[in-house]
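K.L.:
According to Swiss-Prot, the record shows the following:
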- 2: N-acetylserine (MOD_RES)
- 13-63: repeat 'WD 1' (REPEAT)
- 73-110: repeat 'WD 2' (REPEAT)
- 123-160: repeat 'WD 3' (REPEAT)
- 164-204: repeat 'WD 4' (REPEAT)
- 207-251: repeat 'WD 5' (REPEAT)
- 258-296: repeat 'WD 6' (REPEAT)
- 302-349: repeat 'WD 7' (REPEAT)
- 407-418: compositional bias 'Basic and acidic residues' (COMPBIAS)
- 407-431: region 'Disordered' (REGION)
- 418: phosphothreonine (MOD_RES)
- 425-461: coiled coil (COILED)
C-alpha cells in the first residue's frame with residue numbers, strides 16, 4: 001500500500017476567526033441593490049459600506065475602531081441621486097474614497113480623520129462621462145490620483161482625479177456588452193476584464209489594445225470574474241455548462257487551456273476573488289454564501305492548491321478586504337475580511353497558527369505601502385513601476401490625512417463647480433459648528449415650550 005504524500009505548505013492550517021459581538025458593526029442597513037460588487041471597502045483607518053438610503057444613494061463610513069451598535073442617525077456620505085453600486089479606498093490616501101452610482105457619475109470624497117460629524121453631500125470632485133450606471137471603480141495601484149471606472153454603457157474611463165478629467169477611454173468597440181469585472185496588474189501596466197460576451201481580456205489601457213483574449217473561459221452563462229495573480233497569470237471564477245461553480249488559473253501567454261480548473265459546488269452566487277500577492281493565496285467569497293474558500297498558487301503543477309474553507313451559519317451580502325498594512329502582525333493575521341450581513345458587518349481574521357509572538361518574517365515579506373511610485377503624468381507618458389514596499393516588522397501606523405487637491409484648469413468651464421468639501425474643516429471649526437447646532441437646538445426647545453404655554457392659555461380662555 002503506497003503512502004499518500006501531503007504537500008508541505010505553511011498555510012495548510014490557516015483558519016478563520018470571526019470577531020466578538022462588541023468588535024462588529026451592529027444595526028447597519030446594508031444595501032438591497034442587486035449588483036455583483038463587495039458593497040464594502042476597508043483600510044487601516046476606516047470601514048465603509050453601501051447602505052439603504054431614502055432619496056438617493058448613500059454609504060456609511062466609520063472609523064475602524066468605532067465598533068458596536070451604530071446610531072440610526074449616523075451621518076452618511078449622501079451626494080449621489082441614485083443607489084451606489086461600488087466603493088473603493090484610494091491606496092495612496094486612506095482618507096479618500098471613490099464611489100460609482102446608478103446616477104451615471106463617479107464621485108471622489110475626502111473623509112476627516114475622526115470620521116463624519118455631519119452628512120457629507122459635496123464630493124471633492126464629480127467625474128461625469130458615463131451615459132449609464134457606473135458599477136465598477138478601481139484605483140491604479142502605483143500611480144497617484146489615477147482612477148478607473150466601468151459603466152453599463154460598456155465603456156471604461158481612466159481619470160486623472162487631480163484634474164477631474166477623463167484621460168483614457170476604452171469604448172464599446174473593446175467591450176460590446178456589460179463589463180463584469182476589472183482588475184489592475186500589480187504594476188498598473190495592464191488591466192484584466194471579464195465581459196458578458198463571454199470573453200476575458202488583458203488590455204494595455206494607454207494604447208487601447210487587447211494583448212490577450214480568452215473566449216469562454218467557463219462554459220456557463222453566469223457572470224465571470226477575473227483577477228491578476230502572480231507571474232503574469234490570471235485567475236477566473238465562473239460556471240460550467242451544468243451550472244457548477246468553477247475556479248481556473250490561466251497563463252496569459254498561453255490561453256488555449258487552463259493551467260488548473262476545479263469545480264466547487266452548485267451554488268448560484270457569483271464568486272468574488274481576492275488575491276494576496278505577498279502569500280500567493282486567493283480567497284473566494286460568494287454573495288449569498290456562508291463560506292470563504294482559499295487556495296494557494298504555486299509556480300509548479302498543479303499550480304492551484306485548495307487549502308481550506310471558513311464556514312459560518314449566516315450568508316454574506318457583501319465582503320470587504322483589508323490591505324496588508326491594516327493587519328495585526330503580532331497575531332499572525334494574514335488576511336481580514338469584513339462580512340456584510342443584513343444588519344451587521346462582521347470582521348473575520350484569517351490566521352496562521354504559530355506558537356511564538358515574535359514577528360514572523362516568512363509570513364510578512366515587504367508589502368505595498370501608502371506612497372505612490374508614479375505621478376499620473378509619469379504613468380500616462382508610458383512609465384511603469386511596482387508598488388513602493390514597506391516592512392511591517394515594527395507595525396504600521398497610518399499617517400495623518402493628506403488633502404486631495406483638484407486643479408480643473410480649463411476643464412472647469414464645462415463641469416459644475418465643486419465647493420470646498422465639509423470634510424476639510426479644521427477640528428476647531430467643527431467644534432464651533434457643533435456648539436452652534438447645540439445652541440440652535442436649545443433655542444428651538446425654548447420656542448417650543450413658549451408655544452405650548454401660549455396654546456394652553458388660548459385653550460383656557
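For all residues, glycine too, the Cβ spot is worked out from N, Cα and C.
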K.L.:
Thinking of Cβ pairs under 8 Å, which stretch from 13-63, 73-110, 164-204, 207-251, 258-296 has the most of them with the repeat 'WD 7' (302-349)?
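P.N.:
If we count Cβ pairs closer than 8 Å to the repeat 'WD 7' (302-349), 13-63 scores highest.
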K.L.:
Residue list, the repeat 'WD 6' (258-296) vs rest of chain: Cβ under 8 Å, 6 or more residues beyond ends.
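P.N.:
Same-chain residues near the repeat 'WD 6' (258-296) but 6 or more away: 9, 11, 14, 16, 36-38, 186, 217, 222-223, 225, 227-230, 233, 235, 237, 240, 243-251, 302-319, 321, 324, 334-335, 337, 348, 350, 363-365, 367.
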K.L.:
Would you kindly list the residues that approach the repeat 'WD 3' (123-160) from elsewhere in its chain, counting only those six or more residues past its ends and only Cβ-Cβ distances under 8 Å?
P.N.:
35, 37, 79, 82, 85-92, 96, 98-110, 166-172, 174-179, 181-188, 191, 193, 205, 368, 372-376, 378-380, 384-388, 404, 406, 415-416, 418, 421
K.L.:
Using DSSP, how many residues of the repeat 'WD 6' (258-296) fall into helix, strand and coil, respectively?
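P.N.:
Per-class counts: 0 helix, 22 strand, 17 coil.
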K.L.:
Given the model, what does the mean pLDDT over the repeat 'WD 7' (302-349) come out as?
P.N.:
95
